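**Q** First the structure, then my questions, so here it is.
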């Protein structure tokens, strides 16, 4: 498959043009002249992931966290140079999709996390740029059991902040990754629990004072699924090979 055709299809699928406010480039980070037959995917374009892609014989790597962010200088130095050097040596392209792959209603991290957990998304979004999702549990759970279930599904011990572990959880708000800034918005909407990847100091006090349970389930752990769903769709649509690699990250 032609690389540019793959890019055009994926950019349109994820409506990249609607995310000009993102913190990074969405789409091509490194191009390739190769005919695309094999896709390798992962959460972050780390050197370890790139080396695994080389061993797989990948033509393209698809990730959620790419190589270039607007907060960093666009200079080919340090770890960025090391990563790009391997990519250029092996002529491997890189596609990265950040917020478009969080927000997509059927392929995004938020949707995939809900499906994995068995939460019913109401189609309701909230917060800045409407990136947060709201839904409900089919059967209410105690806060302690709610957190335990998340840990079992993600195979990672989450952090539960709750003034009462026996609180019943029915309505849930969530945003994968670093969504702690959305907690106040979630509280104002009257949910019983808020789930995201990371936690900040202010969260503890807000959780204790409002009674809304806060679950930090891991940035990496909550964002493993959108890139898999996207890559599997591309592979099945265009007859490509695909392999996902999960490089453990405790954060």
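Count begins at 1; order follows the chain as displayed.
Just so you know, glycine gets a Cβ as well, placed from its N, Cα and C.
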**Q** Suppose a student reads TrEMBL and sees 102, 219, 223 listed for divalent metal cation 1. Which of 29, 65, 149 should they find annotated at that same site?
**A** 65
**Q** Residues with Cβ closer than 8 Å to the Cβ of residue 64 (divalent metal cation 2 binding site), same chain and 6+ apart in sequence?
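**A** Set apart from residue 64 (divalent metal cation 2 binding site) by at least 6 residues yet with Cβ under 8 Å, we have 43, 44, 96, 97, 98, 101, 109, 223, 226, 227.
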**Q** Ten-angstrom check, please: count other Cβ atoms within 10 Å of the Cβ of residue 223 (divalent metal cation 1 binding site), all chains counted.
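**A** A count of 26.
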**Q** When a 10 Å sphere is centred on the Cβ of residue 65 (divalent metal cation 1 binding site), how many other Cβ atoms does it contain?
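**A** The Cβ of residue 65 (divalent metal cation 1 binding site) has 20 Cβ neighbours within 10 Å.
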**Q** Three states by DSSP: which one describes residue 219 (divalent metal cation 1 binding site)?
**A** helix
**Q** Who sits close to residue 219 (divalent metal cation 1 binding site): which same-chain residues at least 6 apart have their Cβ under 8 Å from its Cβ?
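**A** Listed in sequence order, they are 176, 177, 178, 197, 198, 249, 251.
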